[in-house]
Every structure is written in C-alpha cells, then in structure tokens.
Amino acid sequence: MASELEKSLHKRLLISLPPISRANSKTSKRLNADRFQPLEWNTYFDKKETVKISDKNLFNVYIKGKDGPLLVFLHGGGCSALSWACLAKYLSSLITCTVFAIDLRGHGETTTDDQYNLALEVMADDVAAVLKAYFSQITAPVILIGHSMGGAVAVEVANSKNIPSLAALIVVDVAEGSALQALKCMQNYLLTRPKQFDSLPMAIEWSKRSSYIRNLESARVSMPGQGLQENLVKSDQHPIDRIDEEAAELEEIPQTSDTECPESTIYGWRIDLSKTEKYWEGWYTGMSEKFLSVSVPKLLLLANKDNMDTALTTAQMQGKFQMALLTEVGHYVHEDSPERTAEIFASFLLRQRLAETLNAEAKEKLFNAAVQMRTC
C-alpha cells in the first residue's frame with residue numbers, strides 16, 4: 001500500500017490550477033500580485049547571523065527569543081530555515097523559548113565547500129559544529145526538531161551524543177518505511193515541477209496553487225529561502241504552463257513580458273535535489289531503530305498515521321514515544337498548520353516540564369491542544 005507521502009508526491013505530478021473568474025482580469029492580476037508578495041524574515045525572527053565553521057563553511061541561522069529551552073530546528077530537503085518562520089511566531093507566543101533555525105548545507109543562505117554533499121553523517125556533524133561554534137556553552141535544555149530530511153538529521157545528531165544537554169527529540173512527518181517508499185517517485189516529481197519562475201511572487205503563487213505549501217503566509221516567507229536568482233535565458237515555455245496546460249486555459253495566471261521581467265531576474269531552485277539522489281536512502285535507512293534508541297522523550301508528528309512503519313507502530317503501542325496527528329495538511333505539516341503544530345509542540349514540552357507558558361491565554365490553548373496528543 002502506498003504511503004500518504006508517496007500519494008502526495010504522485011498527486012503533485014498531476015497538479016491542476018483552480019479557475020477564477022475572467023471578469024475584471026486586470027484587477028484580479030493586481031490583487032494576485034499583492035497577495036503573493038514575499039514576506040521578510042525579520043517579521044518572524046529577531047536576528048539572522050552567520051556562523052563560521054571554517055573559511056569556506058558559513059552557516060546561516062535565524063534566532064528568536066533568548067530564554068527558556070533551546071529549540072534547534074532542521075528543515076527538510078530543498079527548503080530552508082524559513083520553513084519554520086510561521087511556527088516560530090506561534091510557538092514563541094505560547095511558551096518561553098529560544099528558536100534556533102539552521103539553513104543546512106546546500107540550502108538557504110548557507111555556503112559550504114561542498115554544497116551537494118548531503119550525506120547524513122556530514123549534515124549531522126554540521127549541526128553539532130554550528131551549535132558548538134555559536135554557543136560557548138549550552139546550559140539550557142536542547143530540543144532537536146526536524147522535518148523530513150531534517151528529521152533524519154535530528155535523529156542522527158541525537159544518536160551521536162554530541163549534545164550533552166539534549167532533552168527531547170521531535171520528528172515531523174517522516175518515518176523510515178514510508179520515506180523509503182516515497183523515494184521511488186521523487187525524481188519524477190523533481191522533473192515535473194517548474195524549473196524556473198519569472199519572479200518570487202510567481203514562485204509563491206505556484207507553491208500555493210499547487211498545494212506544495214497550503215498556507216499562503218508560510219509560502220510567502222518560506223519560498224524566498226528556496227529560490228535563487230539566476231542570470232539565465234528564460235525557457236520558451238512559461239514555468240506554470242508546464243504544470244498543467246489544460247488548466248492554464250481556465251485561469252489567467254499573471255504573465256510577465258520580457259520588458260517587465262528582464263532575463264537577469266529569473267528565479268530557480270536554491271539546490272538541485274536530483275543531484276543528491278545517492279544520499280537519499282542513507283537519510284532514512286535505519287532511522288526507526290535510531291529514533292527508538294534515543295533515550296530522551298520523543299514526539300512524532302504525522303499528517304497520517306499510515307505513514308508509520310511496523311517498528312514504529314509496535315513501539316508506539318508500547319509507549320516508547322508520543323505521537324500526534326494533524327489532518328487536512330500536506331507533507332509540510334508545520335507550514336500548512338503552524339498554529340496547531342505550535343500548540344502540539346508546546347503541549348509536549350510542558351508535559352515534559354521543559355518549558356513554561358507565557359500567560360493564562362496560552363495555558364488554555366495548550367490545554368485544548370493536549371487532546372491531540374497520543375500517549376500510550
């Protein structure tokens with residue numbers, strides 16, 4: 001049986017765009033342009049800094065808060081630390097914490113001497129090195145939080161025991177069995193999605209209309225971290241036309257002429273994930289066993305319980321970790337529903353006595369969110 005993650009990838013190969021009324025098309029285009037404008041990182045984080053590991057290895061990080069537990073966020077493949085922006089805003093309104101989100105190797109604004117070396121051990125060593133370089137000494141409890149590829153990295157870091165103050169591990173929508181199964185259609189998905197966009201707003205619009213990211217606010221802040229300006233000649237076929245030519249006939253997608261969009265302002269993907277295929281299986285093989293062997297409290301947040309493999313299902317029934325489910329979201333759980341995700345995370349941390357609520361209102365929200373948690 002195909003996993004929900006695999007089904008989601010298959011669906012993205014058949015993306016269709018919903019029609020809108022052709023009436024007042026100029027007004028619609030103008031409103032669309034406003035809706036899909038990118039949002040700045042400093043709306044969500046207090047500061048952005050560069051952590052120098054060596055002359056050729058400079059890691060970009062976003063930070064919010066300065067007290068409470070240290071929450072280290074690791075994004076999924078192809079994304080950036082801005083993937084956590086909306087979640088950081090909501091989480092910081094519920095509990096006292098320090099958010100520390102890292103652009104992993106080859107992603108976001110991080111630069112390294114080998115951008116495409118995404119071996120699991122290399123990325124795990126990067127995370128440990130960034131924390132060591134930025135914090136002279138970590139006294140606060142550390143919570144590792146990772147989504148998809150970043151979840152595998154978080155598990156690897158936790159197993160390395162390079163963080164003595166590690167207090168908890170949270171993994172978002174990734175499990176060994178379903179992840180390995182989904183890899184079978186990953187190359188097809190990467191080949192099918194647009195290669196370029198004429199502007200960031202067009203990339204944001206594509207992400208929302210294709211359900212790549214279902215939450216528009218998150219798409220507006222997250223997509224800029226996934227793109228890279230390119231000085232390339234535009235392709236003959238418009239990127240969005242490549243998604244679904246028949247659907248394009250039903251909707252007037254804002255087009256840009258050569259005059260409006262010079263060839264120097266094309267945006268491509270920050271990283272070509274297809275070039276990292278040799279590392280994919282290594283991210284997830286053995287992940288379940290490693291996840292279960294971590295001795296600190298663990299939370300697995302999934303978009304669908306069918307994503308769990310046999311080992312995790314058995315362990316969850318034995319009470320070896322906590323599990324939470326969110327519905328009506330895609331693979332980017334924390335982006336599609338950042339507020340509910342924040343409530344689940346905060347509730348878990350409070351239950352483990354690793355954080356404190358900010359006020360009575362936050363406490364009430366977290367009490368209500370606790371019903372979404374499963375503890376065996």
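Just so you know, glycine gets a Cβ as well, placed from its N, Cα and C.
Its Cβ placed at the centre, Ser148 (active site) has 26 other Cβ atoms within 10 Å. Look at TrEMBL and you will find Ser148 (among others) tagged as active site.
What TrEMBL lists as active site is Asp173 (among others). According to its DSSP assignment, Asp173 (active site) is coil.
TrEMBL lists His331 (among others) with the feature active site.
For 71-343, the entry in TrEMBL reads domain 'AB hydrolase-1'.
You'll find the Cα of Ser148 (active site) roughly 6 Å from the Cα of Asp173 (active site). The average per-residue pLDDT of the prediction over the domain 'AB hydrolase-1' (71-343) is 88, rounded to a whole number. Classification of His331 (active site) by DSSP places it in coil, neither helical nor stranded.
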